[in-house]
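Undergrad: When I checked Swiss-Prot for this same protein, it listed these features:
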- C66, C69, C81, H95: Zn(2+) 2 binding site (BINDING)
- C88, H90, C107, D110: Zn(2+) 3 binding site (BINDING)
- 16-26: compositional bias 'Low complexity' (COMPBIAS)
- S15: phosphoserine (MOD_RES)
- 1-31: region 'Disordered' (REGION)
- 55-111: zinc finger (ZN_FING)
Amino acid sequence: MSNEVDRMDVDEDESQNIAQSSNQSAPVETKKKRFEIKKWTAVAFWSWDIAVDNCAICRNHIMEPCIECQPKAMTDTDNECVAAWGVCNHAFHLHCINKWIKTRDACPLDNQPWQLARCGR
């Protein structure tokens with residue numbers, strides 16, 4: 001066994017561990033840890049369960065204010081721009097879809113009759 005250790009390309013510490021473990025019944029582990037994790041910050045990604053995350057009417061992200069609410073968004077923080085989901089699972093800003101419904105009672109994306117499923121954030 002010692003001849004094999006002499007011929008192998010190993011570090012000094014590893015060859016001593018091999019020689020010690022051949023003399024003992026249980027292997028002795030004296031290696032230091034390569035690194036230790038002291039703090040772990042987990043990151044998660046998520047998305048809404050909707051077909052489109054932009055309002056197809058005003059082209060803004062559904063969680064940002066619509067073009068009607070943008071001018072007053074900085075000054076009036078009490079009013080929220082609420083999203084509206086249809087039964088077709090398409091989401092629009094409530095202001096945008098209300099204007100759309102006045103001219104045409106269908107979803108702007110799939111042309112199905114518009115039915116409100118839920119409203120809110």
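Including glycine, each Cβ sits where the backbone N, Cα and C put it.
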Undergrad: So how many of the residues in the zinc finger (55-111) end up helix, strand or coil by DSSP?
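TA: Counts, helix then strand then coil: 14 helix, 9 strand, 34 coil.
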Undergrad: Taking only the Cα atoms, work out how far C69 (Zn(2+) 2 binding site) lies from H90 (Zn(2+) 3 binding site), in Å, as a whole number.
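TA: Here the two Cα atoms are 20 Å apart.
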Undergrad: Quick check on the binding-site residues: of H90, H95, whose CB has the lowest count of neighbouring CB atoms inside 10 Å?
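TA: Among the binding-site residues H90, H95, the sparsest Cβ neighbourhood within 10 Å belongs to H95.
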Undergrad: List the residues in the vicinity of the Zn(2+) 2 site, defined as same-chain residues other than C66, C69, C81, H95 with C-beta within 8 angstroms of the site's C-beta centre.
TA: C58, P65, I67, E68, Q70, V82, H93, L94, C96
Undergrad: Tally every other Cβ atom lying within 10 Å of the Cβ atom of C107 (Zn(2+) 3 binding site).
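TA: I get 21 for this one.
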Undergrad: Fill in the CA-CA distance, C66 (Zn(2+) 2 binding site) to D110 (Zn(2+) 3 binding site), as an integer in Å.
TA: 21
Undergrad: Given H90 (Zn(2+) 3 binding site) and C81 (Zn(2+) 2 binding site), what distance in Å do their CA atoms have, once rounded to a whole number?
TA: 16
Undergrad: Of all the binding-site residues here, C66, C88, which one's CB has the most other CB atoms within 10 A?
TA: C66
Undergrad: Cα of H95 (Zn(2+) 2 binding site) to Cα of C107 (Zn(2+) 3 binding site): how many Å, rounded?
TA: 14
Undergrad: From the Cα of C107 (Zn(2+) 3 binding site) across to the Cα of C81 (Zn(2+) 2 binding site), what is the distance in angstrom?
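TA: Per the Cα atoms, C81 (Zn(2+) 2 binding site) and C107 (Zn(2+) 3 binding site) stand 19 Å apart.
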Undergrad: By a simple count of other Cβ atoms within 10 Å, which of C69, C81, the binding-site residues in the record, is least packed?
TA: C69
Undergrad: Inside 10 Å of the Cβ of D110 (Zn(2+) 3 binding site), count up the other Cβ atoms and send me the figure.
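TA: Excluding its own Cβ, D110 (Zn(2+) 3 binding site) sees 12 Cβ atoms within 10 Å.
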